[in-house]
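Each remark here refers to the structure printed beneath this line.
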Amino acid sequence: MTATAIAPSSPVTGAPTRILSVVRMHIANPIATLVVPWVVTLAIFAINLAIWLMVANAAGGVENLDEGAFQYNGGVSWIVFFMTVVAVQAMNLTFRFALGFSVTRHDFYLGSALYFVMLSLLYSTGITLLAGIERATDGWGVSGAFFAPWGLESEPLATVWLLYLMAMLLFFFLGAAVATVWVRWQAYGLYAFFIGLALLVVGGGWIITATESWAQVGEFFASTSLAGLALWTLPATVLSGVVGFLFLRKATPRA
């Protein structure tokens with residue numbers, strides 16, 4: 001009997017299993033991705049609600065305040081932007097660990113992307129449910145709008161959910177792209193990335209100005225529904241996802 005014949009066969013692990021293993025790696029460290037965002041968001045909400053109650057009490061009741069006095073604030077927007085930080089932390093904390101378990105870069109990125117989609121669904125659904133409670137309680141009893149501010153309180157909850165979902169996905173995959181730049185090129189890569197991003201934004205503004213197209217841009221935003229505007233973020237989300245995938249292909253784990 002040859003050595004080849006007596007050698008134990010290695011179990012074949014399929015790509016879906018490896019991808020789900022990456023998801024489990026992320027879930028194993030839930031503080032940064034599942035706990036901190038909710039704790040900070042609810043703390044900001046509690047502070048806002050306390051301020052609203054104090055102002056309403058000092059005015060002798062909500063009816064003595066201007067209409068919509070508590071409808072405009074950006075407190076909940078922090079969690080959307082923070083998703084970029086969550087993505088950067090999640091990928092950097094698990095990249096070296098995952099490769100040490102023979103997970104390929106391809107599977108690591110797909111597993112991370114799947115986790116980010118799951119988080120986007122979780123957060124957008126949670127915030128939308130809180131927005132529904134906000135409506136049912138007449139803005140927490142003071143006509144406030146924290147989870148659906150700036151006119152969102154009059155939009156269907158499905159639109160609110162879609163808006164948050166698209167925003168979460170955009171900032172998650174932007175964070176994934178930033179994380180892969182850091183993993184592969186460290187600080188100098190980030191400098192180049194953000195300089196390039198700034199040039200794109202400034203260049204786009206310059207083109208719009210040079211072609212005197214600001215009126216058309218304003219008309220587009222005014223005539224497009226919130227759901228439509230939310231869906232327009234998908235190209236940027238997909239581009240960020242592709243950039244992150246390509247950059248990670250040859251990234252080397254660093255201490």
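Any Cβ shown, glycine's included, is placed from N, Cα and C.
Residues annotated as transmembrane segment in TrEMBL: 31-55 (among others).
Summarising the annotation, TrEMBL assigns transmembrane segment to 75-95 (among others).
Sequence-distant neighbours of the transmembrane segment (107-133) (same chain, 6+ residues past either end, Cβ-Cβ under 8 Å): 15, 18-23, 25-27, 33-34, 37-38, 76, 79, 83, 86-87, 90-91, 94-95, 98-99, 147-148, 152-153, 157, 160-161, 164-165, 168-169, 172-173, 176, 180, 241, 244-245, 248. Among the features that TrEMBL reports, transmembrane segment is placed at 107-133 (among others).
Taken from TrEMBL, the feature transmembrane segment covers 161-183 (among others).
Here the transmembrane segment (190-209) has long-range neighbours at 177-178, 181-182, 217, meaning same-chain residues at least 6 beyond its ends whose C-beta is under 8 angstroms from one of its own. Positions annotated as transmembrane segment by TrEMBL: 190-209 (among others).
Residues annotated as transmembrane segment in TrEMBL: 229-248 (among others). Packing against the transmembrane segment (229-248) from elsewhere in the chain are residues 105, 108-109, 113, 159, 162-163, 165-167, 169-170, 173-174, 176-177, 179-181, 183-184, 221: each is 6 or more residues past its ends and has a CB under 8 Å from a CB in it.
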